[in-house]
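Novice: Next up is a structure, given as structure tokens.
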Amino acid sequence: RRRREAAVEEEVEETPQEKKLRLAKLYLEELRQHGCRAGVLPCPGKGPGQPSSHHILLSLQVQPPDPADIRVLRGHQLPVTCLVISPDDRFIFSASKDGALIKCKWEVESGKRLCVVPGGKKGTEERHMGHASHVLCMAISSDGKYLATGDRNKLIMIWDAATCKRLHIFTGHRDAVSGLSFRKGTHQLYSASHDRCVKVWDVAENAYVETLFGHQDVITGLDSLSRECCVTAGGRDGTVRLWKIPEESQLVFSGHQGSIDCIQLINEEHMVSGADDGSVALWGLTKKKPLALARQAHGMQDAQGLQQPYWISAVAALRNSDLLATGSHSASVKLWKCGEGFRKLEPLWDIPLVGFVNSLKFSAAGDFLVAGLGQEHRLGRWWRVKEAKNSICIIPLKQRATAPGPEAADSS
């Protein structure tokens with residue numbers, strides 16, 4: 001009883017900040033314990049000098065996907081440009097180049113379309129419609145409360161993810177909004193644009209925070225995790241950048257030869273990017289050159305008599321694991337393993353999918369991969385794959401039977 005009273009007293013004396021920190025630690029501990037049981041999230045490692053212990057080698061556990069098991073969700077009339085999965089893995093939100101069918105919410109288990117937000121004509125955005133131009137990017141907050149979407153018409157729209165009701169419109173970018181990401185565990189939103197700048201917003205307060213400058217060309221993609229920083233792909237300026245928000249500073253990385261079109265963080269220390277020169281790069285945030293570079297990652301194509309590499313149009317990482325996915329219009333999605341402590345990119349399997357793979361996302365649990373397909377690239381109309389279906393594909397990732405534990409090995 002005395003101990004309980006002391007605990008209550010201690011709780012009363014906590015500042016709001018201390019309480020937040022205590023609850024966050026509790027939550028992380030729960031996640032860690034759950035993750036060790038599920039074999040997906042990082043388990044406690046042996047020490048800071050052994051980073052591999054913090055990252056699950058999931059590539060060893062996943063079986064090659066069977067093309068017959070891929071589920072196709074149809075509903076968008078024009079190419080799917082972007083998608084996100086809700087944090088609980090129950091729903092997929094997708095958007096496209098459609099004028100009339102801008103944003104959809106799908107239930108993963110049944111494949112049903114639960115909600116459609118129709119688009120409108122340019123200038124009608126204030127009348128509680130969807131976007132009036134191509135949606136290029138979207139992000140969902142880590143508590144699943146807010147969904148953000150960005151369009152060619154310079155607008156960012158904030159939605160209630162549960163009801164699909166629009167809450168705010170953020171204006172301020174001077175060109176197409178091409179990247180969005182919520183900082184994990186917060187309602188802080190980062191946005192990137194073809195106007196070459198990154199903006200920071202507080203969604204819960206419906207407020208603009210600041211603008212960061214540095215890229216010399218259009219920004220084509222953006223991602224963030226828990227730290228107060230984000231990473232961006234700078235198109236033809238040939239750089240990937242890490243933005244440290246509180247310091248208002250940036251680190252510049254270079255390694256691709258072409259336009260860098262997509263980027264994602266794997267964990268707090270590593271990221272992956274893809275470019276139109278056909279290369280996929282694996283980066284460590286402490287080195288300015290790639291740790292590994294796969295050239296012509298999706299092979300070569302014959303374009304008007306010239307041999308050119310297939311552009312990398314989408315990358316995805318299963319957070320805190322060694323498993324990556326890349327997409328192009330080469331009729332397949334490729335799965336990769338980050339080998340040798342993130343110093344090597346090893347191809348695993350090809351998953352046949354026809355069309356431009358404009359968006360890729362792993363489920364949080366790592367049991368499926370979602371691809372957004374279109375007859376055209378999300379940013380333009382350079383080629384058209386006529387036989388492609390504008391659709392969302394759910395690719396199940398079955399895990400192998402786990403290896404016997406040490407007790408079983410001892411007994412044998």
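Any Cβ shown, glycine's included, is placed from N, Cα and C.
The repeat 'WD' feature in TrEMBL is assigned to 73-101, 128-169, 170-211, 212-253, 253-293.
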Novice: How many helix, strand and coil residues does the repeat 'WD' (128-169) contain under DSSP?
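Specialist: For that range the per-state counts are 0 helix, 22 strand, 20 coil.
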Novice: DSSP-wise, what's the residue breakdown of the repeat 'WD' (73-101) into helix, strand and coil?
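Specialist: Helix, strand and coil residues of the repeat 'WD' (73-101) number 0 helix, 14 strand, 15 coil.
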Novice: For the repeat 'WD' (73-101), what are the same-chain contacts with Cβ under 8 Å, counting residues 6+ beyond its ends?
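Specialist: Same-chain contacts beyond the ends: 107-109, 111, 113-114, 116, 118-119, 131-132, 134-140, 142-144, 147, 149, 161, 355-356, 358-359, 361, 363-365, 367-368, 370, 372-378, 389-394.
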Novice: Given the model, what does the mean pLDDT over the repeat 'WD' (128-169) come out as?
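Specialist: Averaged over the repeat 'WD' (128-169), the predicted model reaches a pLDDT of 92.
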Novice: With DSSP as the yardstick, break the repeat 'WD' (170-211) down into helix, strand and coil residue counts.
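Specialist: Counting residues by DSSP class gives 0 helix, 24 strand, 18 coil.
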